[in-house]
């Protein structure tokens, strides 16, 4: 059995002000995304934005992630609770963010920013997609430190007793998602960007691989208590929300493959 590290969710306290690791992980993900996107804007001749525009894009994306992630969590996962406890909607440090809601928020942010600078929406998505897994991985570390989004009870050697999860060992599902949705997905997308490739290949890969990784990792996560299993006595809300991403990613990849076969797909 693995040993839980017992990290205090509060990284720093200055009088009544508490700085949580959960928030710091989001800040780390946003900063790393800004740094790598700015680097890519300098070295990629096809970049749809200039290096000096990356700061503004990061601001748009950060708002999309925070607002979309929180609103998505409230709507998709716990609407009745927040309906009766509206003040709790603003307690972000207690956790409660939805990737799928954040993804929708980022799409809206991309659309607004692309319109502002006169860029192509899909080119912007293709350009930013390789750095998104960094934020995903950082967020999962925040979930782990918070002791939330717990895994299922297990007798596997990978089990871990969480202080918030009772006396039985559970899968550290947050670390599984950190590895597959963060480390593996970033590595794959970054390697693909090193060489010339068909336009929108990375965008399609991101959507398909993230949706697939999330769908599989959900089998190790405890279902959300307010929903449990929604279909077939095994499908969770996270899996349901991942299916559209898998399908849309597959459609993009098929379209890229067809255009490549016909020599009509531009390489970048």
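From the backbone N, Cα and C atoms, a Cβ is placed for every residue, glycine too.
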Of the residue ranges 153-173, 174-194, which one carries the transmembrane segment annotation in Swiss-Prot?
174-194
Can the transmembrane segment (14-34) be said to touch the transmembrane segment (200-220) if we require at least 3 CB pairs below 8 Å and skip pairs under 6 apart in sequence?
no
Using a cut-off of under 8 Å between C-beta atoms, tell me which stretch among 90-110, 174-194, 200-220 contacts the transmembrane segment (117-137) the most.
174-194
Do any residues of this chain, six or more beyond the ends of the transmembrane segment (90-110), have a C-beta under 8 angstroms from a C-beta of it, and if so which?
18, 20, 22-23, 60-61, 63-78, 121, 124-125, 128, 132, 136, 139, 142-143, 146, 148-149, 214, 238, 241-242, 245
